[in-house]
Amino acid sequence: MEFKVIAEYFDRLEKISSRIQLTSLLSDLFKNTDKDVIDKVVYLIQGKLWPDFLGMPELGIGDKFLIKALSIATGVNEDEIDKLFKNIGDLGEVAFEIKQRQQGSNILSFLGAQKSTTLTVEEAYEDLTKIATSTGERSRDIKIRLLAGLLKKASPLEAKYLVRFIDGRLRVGIGDATVLDALSITFAGGQNFRPYVERAYNLRADLGNIARILAFEGIEKIKNIKPEPGIPIRPMLAERLSDPAEILDKVGKTGLVDYKYDGERGQIHKHGDKIFIFSRRLENITSQYPDVAEYVSKFVNGSEFIIEGEIIPVDPDTGEMRPFQELMHRKRKNDIHEAIKDYPVNVMLFDIMYYEGEDYTVKPLPERRKKLESIITDNDKVHIADHIITDDVNKLKEFFYQAISDGAEGVMVKSLAPDSIYQAGSRGWLWIKFKRDYQSEMADTVDLVLVGAFYGKGKKGGKFSSFLMGAYNPDKDVFETVCKVASGFSDAELDELQKKIAELRRNEPHPRVVSSMVPDVWLTPSLVAEIIGAEITISPLHTCCKDQYAIGGLSVRFPRFIRWRPDKSPEDATTNTEILEMYKNQLKKIEENPTDKGT
Ligand code: ATP
């Protein structure tokens with residue numbers, strides 16, 4: 001397949017922002033894509049070479065390097081390219097101009113002769129892969145030679161999008177949700193097949209893999225898809241409530257009550273003698289936890305399985321739970337052997353999704369837990385989460401306080417009903433989190449995405465010191481603003497953030513950000529922060545849930561930064577509907593306890 005096709009679609013896609021038009025154009029591109037490269041095209045349009053969970057290296061090529069390659073490819077000297085770059089501000093556009101200038105002066109093309117070589121998707125993909133993966137002493141030379149070769153072969157439009165891809169600055173805002181819609185339309189005949197495609201994606205979070213199955217085997221295969229060890233499952237998520245009686249009612253009176261540990265969620269796969277560990281946001285974190293991989297190989301029986309638990313820091317002497325921050329310290333250590341020794345961890349398992357060819361996500365929780373318990377050999381590293389089964393509100397409260405005094409965050413109450421399946425990729429009432437209250441009127445924190453930044457005034461002049469934060473709207477696949485946060489950051493965190501902003505800044509709003517405020521710089525949605533505030537209010541300044549209330553959107557009042565959530569991707573941020581629900585719960589509370597109002 002010619003790379004030209006993709007470049008032309010990039011060009012068209014970048015000019016539209018309507019989700020419906022994006023989806024239909026994307027579907028058009030998939031129709032024009034050779035089956036053999038459909039997975040690659042899916043990754044490329046999202047600015048990637050492969051799914052994140054593979055843990056493969058990124059291209060990691062900066063502007064300087066690109067300028068050098070462009071200079072070798074075109075014969076134009078680096079200073080001149082640099083000057084053009086300073087004027088235009090976009091290297092992709094610079095590449096386009098230089099290549100077009102050259103093409104215009106080429107007598108053959110002037111006479112209408114065709115370019116003799118065509119760049120194919122396969123070729124571009126292969127070279128980009130080599131560029132990303134080459135390591136060692138000579139890798140710099142190899143990378144520059146490959147890059148220059150690609151740019152030399154490319155047409156002006158191809159060069160523009162190759163450069164933007166490599167630079168990480170594609171202006172096409174296509175999220176996973178839009179790809180799923182387009183795949184359903186292309187290969188299953190319409191949006192009404194979307195639930196099947198979405199379920200498949202929830203069980204195998206690899207859009208390229210799903211696209212390939214659809215292209216080669218069709219929708220029937222997708223309908224019967226099972227998880228596959230090695231490809232992460234999108235995690236099941238919990239709703240939140242703060243009244244124990246209401247919680248037991250919601251789960252059908254009797255619930256399994258687990259400790260809610262404060263560690264790192266680990267989805268652990270075994271495939272033959274290989275172990276993979278995926279994080280909450282499905283990144284491959286196996287190399288950070290070789291100790292966990294070893295414990296699981298030793299103490300969990302079976303050759304093919306997918307299980308889930310919380311990796312928690314423990315005291316090396318007593319085996320007691322330690323604070324979550326210890327995991328952060330562990331990650332900062334360069335020497336993994338030292339990290340394992342200084343910050344040992346245990347694994348508290350709470351679910352099983354696949355075992356020896358059988359899909360456990362469709363089985364109710366009692367069956368899953370029974371299976372999980374049956375495959376663990378007694379040991380002091382890998383345990384089943386501490387739990388009780390109860391229908392008694394007082395027992396639930398007691399267990400909750402016990403959990404907190406043991407250092408847990410609270411409890412997770414889980415339905416044991418016949419329909420209590422593992423709902424991959426969705427947040428529902430089968431699991432309800434009941435957490436220690438923060439000293440705030442907001443019942444829980446929210447996780448918001450950084451979408452813009454403002455310069456500070458006075459002492460903080462010249463530095464970015466307040467930040468525009470957005471919630472995720474999964475229906476529209478966009479980020480809507482909720483607040484501007486300026487407090488809660490330590491000086492070190494602010495300094496660190498300046499560097500990150502330099503990498504994420506862009507000249508125009510990101511196509512997936514909906515904002516009525518205009519920050520000093522726009523940012524590519526990437527970083528997720530946990531935020532607490534006094535309450536949720538309506539504000540004309542913000543766009544979250546704007547269609548719900550005539551006078552404005554929903555906003556967090558007096559927001560304060562708590563911590564970064566590197567384990568969450570932007571699409572894992574709190575959604576607009578969750579914020580709406582929190583707002584409604586807050587109103588309900590005020591109505592029930594009018595004296596609390598305004599306190
Ligand atoms: P999300 O609900 O989106 O995961 P979050 O991380 O902000 O967001 P939390 O309030 O931390 O939500 O609760 C969910 C997390 O609790 C899970 O992702 C998991 O890592 C952790 N957890 C700890 N113990 C358990 C348990 N026994 N069962 C399920 N999850 C648990």
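Positions of Cβ are set from backbone N, Cα and C atoms, glycine also.
In TrEMBL, annotation is done automatically, which means it is predicted and not curated.
Copied over from TrEMBL, here are the features:
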- Lys260: active site, N6-AMP-lysine intermediate (ACT_SITE)
- Asp258, Arg265, Arg280, Glu310, Phe350, Arg427, Lys433: ATP binding site (BINDING)
- 338-473: domain 'ATP-dependent DNA ligase family profile' (DOMAIN)
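Features per TrEMBL, on structure.
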residue	record	Cβ within 10 Å
Asp258	ATP binding site	24
Lys260	active site, N6-AMP-lysine intermediate	23
Arg265	ATP binding site	17
Arg280	ATP binding site	18
Glu310	ATP binding site	23
Phe350	ATP binding site	24
Arg427	ATP binding site	17
Lys433	ATP binding site	18
Given that the record lists Asp258, Arg265, Arg280, Glu310, Phe350, Arg427, Lys433 as binding ATP, what is the largest C-alpha to C-alpha distance among them, in Å?
18
For the domain 'ATP-dependent DNA ligase family profile' (338-473), what does DSSP give as the number of helix, strand and coil residues?
31 helix, 58 strand, 47 coil
What recorded positions among Asp258, Lys260, Arg265, Arg427, Lys433 have a C-beta sitting less than 6 Å from any atom of ligand 1?
Asp258, Lys260, Arg265, Lys433
Tell me, roughly as an integer, the mean pLDDT over the domain 'ATP-dependent DNA ligase family profile' (338-473).
91
Where Arg427 (ATP binding site) and Lys260 (active site, N6-AMP-lysine intermediate) are concerned, what is their Cα separation in Å, rounded?
16
Measuring Cα to Cα, how many Å separate Arg280 (ATP binding site) from the residue listed as 'active site, N6-AMP-lysine intermediate'?
15
Do me a favour and check the Cα-Cα span between the residue listed as 'active site, N6-AMP-lysine intermediate' and Lys433 (ATP binding site); whole Å is fine.
8
